[in-house]
Amino acid sequence: MPPTTNGWPERFTGGGNVGATCDDALVLLAEVVAASAAVAATRARTAKAAAIAELLRRADPDEVPAVTAWLAGDPLQSRLGVGWRTLTRLEHEPAGEPALTVHAVDAVLAELAATSGAGSAARRETLLAGLFSAATGEEQRFLVRLLTGELRQGALEGVVLDAVAAAADVPAAAVRRAFMLSGSLPGTAATALTGGVAALEAVRLEVGRPVHPMLASPGSSLDDALADLGADVTVEFKLDGARVQVHRDGDDVRVWTRTLREITEAVPELVERVRALPCRSAVLDGETLALDDDGRPRAFQDTMSRFGAATADESVLLSPFFFDLLHLDGRDLLDEPLAARLDALAGLLAADEHAVLRMPGVRRPDPAQAAGVLADALAAGHEGVVVKDLGAPYAAGRRGRAWQKVKPVHTLDLVVIGAEWGYGRRSGKLSNIHLGARDPDGGEPVMVGKTFKGMTDELLAWQTRTFPDLAREQHQWGVLLRPELVVEIAVDGVQRSPRYPGGVALRFARVVRYRPDKTPGQADTIEAVRGLLASPR
Ligand SMILES: Nc1ncnc2c1ncn2[C@@H]1O[C@H](COP(=O)(O)OP(=O)(O)OP(=O)(O)O)[C@@H](O)[C@H]1O
């Protein structure tokens, strides 16, 4: 294919060889940029969704996956092999007129992702140069934010799903369900817009394709949770490890995290244990953590160290504790009540000679027994309990009342949005961190407080090393950060505050730990923070 004068093959732009007849039909990158700006310009969720829906109605089915992925903040390709520094340092004269099509940009991103081996750095540079010289200034800025992950706000997923429902004229619940079961936003969007409700309803759990895990909402106390859910509950230990979803199909066993990142290679001991179970196929949900010799949980960092590694670090062994079974030997259990799923799980694990572990818990306890489970969990070094409605189906991806977590300390998972240079003992260290709660409507995190409490010297050193790479603004006082890191904060409660934009401020916030297993889209919302106004401790 002949390169154009700027070294950019013609098929990558909306003009040239595309031909006049279908030219009009191609969605331009500029239209996605405009929709993204419209989404950012309003706080109203319905207006955000309407802006996206309008664009989706114009898009062809094969453009829908890229358009929806980008508006939710992600390229379609999981790894592009282009670093943040490279992208933010690109300087190319912007194009005068918007001509890049969605197809063209996606083709370049696909090529970037596929480029490896000798000469790949130079090839990537050429591809990026071509892409950025063909982009207008606004498009360049959008591309940098898309490729550096700065556009990614988990809450946008929900807005895009609403938009898909509106554009396809199908119920939002049908879109959401298909998304939770397929784990793929672009795939769900394409299904909705091409096949409608029937195609969405045909989406099923598939062994080998992870589903979004069901989540728990905070219960204010054990008594409240029991009063809310009644007697038909199970009270289980809440272990402080990492969520795992394990799929087995014959001898093939694969493992995913709660963000649906595959970690099969890093956790061979979990793979072995599930492969030894007496079944052909299964989808198990559970928590895994590292225990020390007397069975007490090791530090959370030890468990997480196994999740960051590309290959296994055999010095820290993980134990699985399964608490749900979504599929067994050809039978989907998702829509069965929890009681039936637990029976099936007990049957599967009881027959296992290798003692794969089950989450400790008591079904239908009286209040004293329930309090005993909580006391036992805490005495064994765990976080608390989860109270679960035995009649509830598995609501993939939902944080509902059917599972309620009860912990003696309030903790919030918040986004780190800035950090200040410390003074005194902390001088020269990025110390006081700015904490943001997630805006459920997809906006920027809402600042709710600051803290430097609970930080070890090691953590301060780590922040000082890591934050400059995440900085979006450098100031004399410190840095403003791209919203990428999630930190778990213990609080005594929250109070009303006119100083903070959300009207609430944390009381006695202290760092428990960073949460590399969570994305900003999974941080607690400003509503969850406001919810603590009612329950000061
Ligand atoms: N018995 C259990 N049943 C369900 N989840 C459990 C259980 N024990 C531990 N967990 C963990 O608790 C999480 C449920 O709490 P939640 O949905 O709020 O996630 P989380 O924000 O990671 O929790 P937290 O921040 O309180 O640790 C699950 O994702 C799982 O990782």
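In case you wondered, yes, glycine gets a Cβ from its N, Cα and C as well.
Residues or ranges marked as ATP binding site by TrEMBL: Glu236, Arg243, Arg258, Glu287, Phe323, Arg399, Lys405. With a 10 A radius on its CB, Glu236 (ATP binding site) counts 24 other CB atoms from all the protein chains.
Non-local contacts of Lys238 (active site, N6-AMP-lysine intermediate) by the CB criterion (under 8 A, 6+ apart in sequence, same chain) comprise Ala377, His382, Glu383, Gly384, Val385, Val386, Lys405, Val406, Lys407. Feature annotation from TrEMBL assigns active site, N6-AMP-lysine intermediate to Lys238.
For 311-439, the entry in TrEMBL reads domain 'ATP-dependent DNA ligase family profile'.
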C-beta crowding around Arg243 (ATP binding site), within 10 angstroms: 15
Composition by DSSP (helix, strand, coil) of residues within the domain 'ATP-dependent DNA ligase family profile' (311-439): 29 helix, 55 strand, 45 coil
Arg258 (ATP binding site) - helix vs strand vs coil (DSSP): coil
Fewest other C-beta atoms within 10 angstroms, as judged across Arg258, Arg399, Lys405, which are the binding-site residues: Arg399
Neighbourhood of Glu287 (ATP binding site) by C-beta distance under 8 A, where only residues 6 or more apart in the same chain count: Leu239, Gly241, Ala242, Arg243, Val244, Pro320, Phe321, Phe323, Met359
Cβ atoms near Phe323 (ATP binding site) (within 10 Å, other residues, all chains): 24
Model confidence over the domain 'ATP-dependent DNA ligase family profile' (311-439) (mean pLDDT, whole number): 91
Maximal Cα-Cα distance (Å) across residues annotated as binding ATP, namely Glu236, Arg243, Arg258, Glu287, Phe323, Arg399, Lys405: 19
